[in-house]
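The structure under discussion appears below in the form of structure tokens.
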Amino acid sequence: MRKSLDRPKAARYEDEDGIATEESKTAYSYRLQRVLVVLLSLSGLGSLDSLALAVIANQSNLAIEQWLHFIAWLFLILQAGTLFVEPDYLSRFRQSAFGATSSFLFFTALFADRLIFWPHGTPLTLSYIPPILNAVQLVVALGITITYCSIPRRPDVYRDGKIVDQQYTTSILGRLGFSWSGPVIRFVAAKNGLEVEDLPEIHYQIRSRTLRERFDQVSKNRLWKSLLWSHNSAFVSQLIFVTITSFATFLPQIALYFILQALETRDGGDRNSTFWLWIWVSILGLSIVISSWLEAWLFFVSYSRLGQPIFQQLTAVIFGKAMRRKDVKGVAKSTLKAVDADKGILVDEELGTKGEDSIKVTESEDHEEKTRQSTTNLIGVDSYRVSSFVTFIHMFPGGVVKLVLAFVFLIKLIGWIPLLAGLAVPAIMVPVNGFLSKHYAKAQEELMKFRDKRMAVVTEALQGIRQIKFSALEDSWQCKILDVRRKELKTQRRVFKYDNILVAIWLLGPVMLSAIALGTYAIIHGSLSPSTAFTTISVFEVLDMTLVVIPELISQYLDAKVSIERVEKYLNAAEKKAYIKAGSTISFHNADIAWPAEHEQDQNRFFLRRLNIDFPSNELSIISGKTGSGKSLLLASILGEADLKNGAIQVPRAPRADERFDDHANASNWYLEGSLAFVAQIPWIENTTIKNNILFGLPFDSVRYKKTLAACALQKDLEMLPDGEMTEVGANGINLSGGQKWRVSFARALYSRASILILDDIFSAVDVNVGRQLFEEALIGDLGQGRTRVLVSHHVALCISKTKYLVLLDNGSALYTGTVDELRENGGLKSILAQDGEEQQKQREETQTRIASKIDDSEVVPSLPLNQSRRESNITKQKYARPQTAKAPKNFVQKETREKGAIKYRIYAEYIRASGGFLHWILILTIFTLSLIVTLGRSWWISVWTRSYHTTTASILNSLYYQAHPQRLGELKMVQIDNNLWFYLSIYLAWSVASTIGASRYFLIFLGSIRASNDLFQQLTYRVLRAPLHWLDTVPLGRILNRFTADFNMVDSRISIDLAFMLHSIIQLMSVIIAGMFVSPWMIIFIFLLLPVCMHYAIRYLKGARDMKRIESNCKSPIFESFDAALMGIGTIRAFDKTEIYVRDIYRKIDTYAQAYWHLWLFNRWIGFRLNLIGAVFVMITAAFIVTIRHIDAAVAGFALSFALEYTVVFIWALRRYASVELNMNAVERIVEYSNISIEDQNGGEPAPAAWPTEGNLEVINLVTSYAPDLPPVLNKLSFSIKPNHRVGVVGRTGAGKSSLTLALLRILEAREGVILIDGLDISKLRLQDVRSRLGIVPQDPVLFSGTVRSNLDAFNQHTEEELRDALKRVHLIPDTIGDNYASSANPRETIHPSPTYHSPKIYLHLDSPISESGLNLSQGQRQLLCLARAIIQRPKILILDEATSAVDIETDALIQRSIREDFQDSTLIVVAHRLSTIADFDRILVLSDGRKVEWGEPAELMERRSEDTFRRDGEGEEEERGLFRRMVEESGEREMLEGMIRREGHEN
């Protein structure tokens, strides 16, 4: 119940929906209604007094009924007076409801009284006063009812400044007629457009938070029970409405029967039937209004109180579960045991979740449930299926009621023998229908599986689009996608085949049912009257619709059952357990931890065992170890994101979310003891501005914020970005580099209120100098001091001077733990430093050689680069300054466009072209025309048949007698069957069989649909895979996926059906109009008079519904995008204790979607109710013509009325189907939009020579390139030359242009000026695919696809197994030989001694070991190594490594670099590196700054240049900065090692 806080008249009004403003309270008025009720009540009493006087003048005493009327009027007057004294809005509304009920009951009593006595009383004449005064009382009572019903319930209420939906604001009359949607519809008509901001807020009862709380309150052990109990009142209302509606459905048929029977008696010469004819005509119109209104409200209750709320509720509940669920990347379902045939070794793939020694093998179905996409499908597919089924569940009880009523009616009408004969048709068809439905359901199930596969492969391609473009695999992936698509469409054809047969049965069923029943009736009785024939046909149509819908409902039930079980399984999945105990420090006590699994008893996971660690408070602690040793698992256990099998873990207790009071945080109370901040190994960045990413919901503290930017070396990056800190970041930081993403993520943790910072490898993606700055100014600077910092890093030597505590992990345990001093004493420190490949004797740098002096900041000017390589773009040193005028930040992510107005003709033309062309559709229209002729001909033949009999009244009464006494049918002698009966019956059966011609039209439409789907999908796939990287980076993945999934699902199976039924409804409408003209040509005038009224409402509806559908489509994407983003960052969100914030955000987006969906169905009800009223008028006009025109007999009347009864339904469905076609063509519109995007040049240029490049010579001459024509250059006048087989290192600070150079070499960035020559050929003049396919690249962000090790190394089976294993050996993922030290160990995790120099061998020993989505069951380093192995397999002549080993430990990096030197001696290597040790011994070093070459030469030569020689001119006239490489070496922390490497290389040269 809504609680009103409104007591005094002028007091503030507030309820659950919102708060009334002063303006809305002023606008609220009921003064007119109040006065009118009193005046009408007095008028009614006055007419009663006059009536009493008239009675007294004619009779000696006052009739008792007049006294009763007198008392009733006094009661109504007293009731009207309460409106003047009641101040409360809701109490006044309840009084008006009581008043309306009282006056309506009184009106009903008066009307019944007059109806009973009028035929038997004195004939009505104007001279007789009482009947006239009684009529006055009737009108007055009705007027009082309407006036009461027009009093509004409350003033308009507002929520967050927006008006709330007026369903509970409007009057009774407005609510019954769906009139509260009028303001929105008028707004659309006036503004010719609608935005989501223009829509009212939804009311309290269907807001997501309310629905979620209601679900939690009634939560049962089964999901369906929880849904039932949380919406019990709505289900009860639905049941009541469907029962009443089922009874009301037959009212028009009953009225039709009596009208035709009265016409038959009139045709027989009875002139006294006219009165009853007019009565039944009125009842016919009224019955249509009542049944239509009841049906409208039934559907409104079903959609607004069940369908939509359940979808919202399930979405909210699933998201809430996702926030609590274990972060499982894969679940052990079975283990893979296989024998390596080559070596005879048993491989036991005990797979874990994060890849530290073992990885989980998952069965495909179970693994599917753990992917982000499959979790999102629970909302997009399963929740929708459940809500759709619940919306129409009322048809089950409704169908039962209709069947019972129809049988009773038909037994009374034609007898039980004809009925049973007719029911033989469905009896025969039901098993056939069941057989076909079973195959249809099976085909549909297979279709859903193929759709899931299609979604998976498209998602995978889009997520790995960079790797696809880098390797020129567009054609291969297109074939892979289209192969899945072909299988899907093949299954879709099967679905359409069964669907088409079912449609044929659906068309033939009612026709044959009525034909056999009527034929049997005619044979038994020897005649067929119009009243019997046309009423029977009408009832059979209602009955058949019920019989047809039930199999469809059963199919929906089966779909919903599967979906609800999937959702229930997800909701019952294991949740994150609170195993962390409160303590003063972070400590582990004999703890065994593992990556989370669905079933904790699963032992086939990677474990860290017997951990005894005590991290000191307010100090820096370092966790080190080889790649895959369990470092991230240790951090996850501190965050509560692991499974604790034994022992205990203590972490300081953080305050609850409701105790943080972040809004009131300031410098004096900033830090919260025990609160955590986390930087993940894969940084999670939100799709918002950089500033919002750093603040992360906290208040803005200018001093702290600036310190954070400076400490994280972000100030220069912000200067380079187009809008500085307000630059919008794409999904997951797509337009930021790896280093920028890490530093923004680190800045978020540093700015936070956390007293504990958990940091996973923050140095791997930044260069040496930036790394040192992060350490000195952030990690141990002002913002880091006094906080407990636990850092995973391979850069122990960099941090050792300020580190208090060290942990070294190896072989599933902590090999060394303790303070730095303790480890120094026992020799453990030396081992740790040696493992990291760094010397203990770290050199101290001079303060004057800091990084700040490296680049003159005053020369750096902001530009507008959008870095598409996920790295910093850089800018040229241009001499202009940032404009001082403020400007709105630019959106990196493109706003989703939305067409306005009707769907353009070109969209329909494109669909017609794709589906078979105009000839195909002309054939379809021809068949539809034939179908119209058959429909009219069948009913016309019935009228001819019934007119052929001249039935006497006696024969009719005789027939009715035997219908009333079926037990005496045996006494009835069989009439002589004349030849005329067989003639008419055979022709009627022929017409009936000819109705199956309609099935062929559906077949042609379905065939066209398949063609269109295939054609449009190929176009879209081709364009998207070849779209520029800039477009792919600025368009969210969810938006593209919407086209490939939801929109194509619409094109595949929905649009064709809507088109078919729209044409079917148009044909039916034409048949109604033609049938009406049989009554009288004058009917056409009334039809055309009603048509403008219909079109007035239809145009308004279409304008509103069209925009609403587009808004609904656009509002759905943010839900999926937010859901997917939250799932990706679930660890970060939970670590920062921001779960409730993200739950609130998803509530807001669900409610925004609900606004559009709610109004879309409200508009449907609005138009349906109004067109039903118009339909009732049309039927009454047709019936009035029949009654008025004396020469129209019952046969013609039955023919016309049977069609006229369908006018309302047919017109509504024609309009609705047209609206559905137009709204669903929005899917084609959206597909065509993306099918017309600009793509990279595919055909330009000459084919490259077959073996090109043969030498590997690379020359760059005056190269200028940028990310867009209107953006400043990111590489400016860059020139250098690389000799064949040389190894070149590319270095420079973040944003120098290193990754831009790699993109230019692959022509991701096209040259604006200058050329790139490879073996003397200008790559801009070669075919794009040839250039990319002949070069190799390993990017910093490793791209893996779900599948196996084999499929990731060799996606298209182009290499042998030996080649694949050899590549894994060369990157040290498996050993050169499988020694006994590993193979013979029963449980290698139990070993404590240092592991071999290879990583997680158990997964890589078997090439069919599974890789989860995005390779998330591997560590970052392992993913990089697997990508490097993939590049090695290709053996390119030129290989580009873009920080390809940044996340692996230094020892492994050294081994890999050795392998690269040995294996790529005949290849040209270009290596972008942050670790100078990676490239210190290369042939040449290229030092970049702001897109320019500042140093170029041999490492030894560059070391000769001193920093004092800052600038001089080189031979090409370029101004070069001198000594930069030398300074980088001196500041690296590896100075002596690097100088030794460079000296050795120099001597060798």
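Every residue gets a Cβ built from N, Cα and C, even glycine.
Just so it is clear, the model here is predicted, and its values are computed rather than measured.
In TrEMBL, the annotation transmembrane segment applies to 918-941, one of the ranges 918-941, 1086-1109. Across the domain 'ABC transporter' (1258-1515), the model assigns an average pLDDT of 74. Packing against the transmembrane segment (1169-1189) from elsewhere in the chain are residues 177-178, 252, 259, 263, 274, 277-278, 281-282, 284-286, 288-289, 292-293, 296, 1076, 1079-1080, 1082-1083, 1086-1087, 1090, 1093-1094, 1097-1098, 1196-1197, 1200-1201, 1204-1205, 1207-1209, 1211-1212, 1215: each is 6 or more residues past its ends and has a CB under 8 Å from a CB in it. The transmembrane segment (918-941) shares more Cβ pairs under 8 Å with 1195-1215 than with any other stretch in the list 67-85, 275-300, 1195-1215. Cβ atoms under 8 Å from those of the transmembrane segment (97-116) belong to residues 37, 65, 69, 72, 75-76, 79-80, 83, 131, 134-135, 137-138, 141-142, 144-145, 148-149, 172 of the same chain, restricted to positions at least 6 beyond its ends.
Sequence-distant contacts of the transmembrane segment (239-263) (same chain, six or more residues past either end, CB-CB distance under 8 Å): 273, 276-277, 280-281, 283-284, 287-288, 290-291, 294-295, 297-298, 301, 394-395, 397-398, 401-402, 405-406, 409, 413, 529-531, 534-535, 538-539, 542, 1179, 1183, 1186, 1192-1194, 1197-1198, 1201-1202, 1205.
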